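Student: What follows is a single structure, and I will ask about it in a moment.
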């Protein structure tokens, strides 16, 4: 959530930064309503001051011995009653204006950072580095992961469709075991790196989704329970970040690092026709998420560390990947800066996103009211929040099924996973 004071004091800069994003955003309605609200507030304050003055005068006159029924006192009381009537009309309108302003601001995305490349689409993203060229598979006839998975009997899409609908998968035998091994390996790696594991609720309330920025703008992309004001989580970022909603944290307890494994649920509205086959874009998928709550002065350094934590998984699995600095037009709603990690999928000859690591600055903290206080200092400040995948489990499986695929159709198991599976080949 953007700061209304910042919008008010730097309207041209704010509008320019918003214009660099995809989509159309106009802050003029906010400025107009803000002007009305501030004028109304000033009027109400003046009237309230006069009401307080009248009360004081009346009290002094009565204390001095003047009869309470004196015409002068009665006139003051009549004026006071008139003021109360005015206040009863002004206060609801002021609250209404504040609510309208808040809803308009909630619809605005975060401002891109100065180090985010300017661009309107993913074609203008900037590649930062590549890793693992020496691990690129030499097999020229890679079978797509969904085909080899079904051939090996570890993936079944047809029965998942029967149970649910399209864009679901059933993992069987070694497929389910491989997924579990990946989850355990990812969590172990991140807890060793200093993250504290949490197992959060998979259903969250509206305030939680609003706090992290999915609501109100992206309601159609989430699954909502029909009879409850609860939503299935699209990512563990939502419940983990909101663990601290409405709290004032001690500065000495920052930074806070959490990792969490959860299933995630997304409608994928508007993506029909894209990645309809395989494990890339499902309605339900598993993910290990990394969340940081940090001091504002360290958030960009923490972003680099976060990317390194996600990269550590890919490097341990010896999966070729690249790091992309997203341009302003491809930036997520709540992010000020994002790096995507894209893993190599040889069947398509493309790098595909497997992790998105973002610094949300104070955007989520303002929405969720997460603050911190430094010992011996007055007042509080908003924390900065960060999140990233460490990693998307299904996409990691897809990358293994393709990059470790052998000419005879078997799949070598990455060395770091063999201890979890007790085997070397699928």
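Cβ from N, Cα, C; glycine included.
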Student: Same L-serine site as 235, 236, 237, 289 according to Swiss-Prot: which of 115, 121, 389?
Tutor: 389
Student: If you count the C-beta atoms lying within 10 Å of each candidate's C-beta, which of the binding-site residues 266, 267 ends up with the smallest number?
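Tutor: Fewest other Cβ atoms within 10 Å, among the binding-site residues 266, 267, is found for 267.
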Student: For residue 355 (ATP binding site), list the number of other Cβ atoms lying within 10 Å of its Cβ atom.
Tutor: 29
Student: Just to confirm: which same-chain residues, 6+ apart in sequence, have a Cβ under 8 Å from the Cβ of residue 289 (L-serine binding site)?
Tutor: 235, 236, 237, 240, 259, 260, 261, 262, 387, 388, 389, 390
Student: Going by DSSP, give the three-state secondary structure for residue 237 (L-serine binding site).
Tutor: helix
Student: Let me know the largest Cα to Cα distance in Å among the L-serine-binding residues 235, 236, 237, 289, 389, as an integer.
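Tutor: Value for the max Cα separation, rounded to a whole number: 9 Å.
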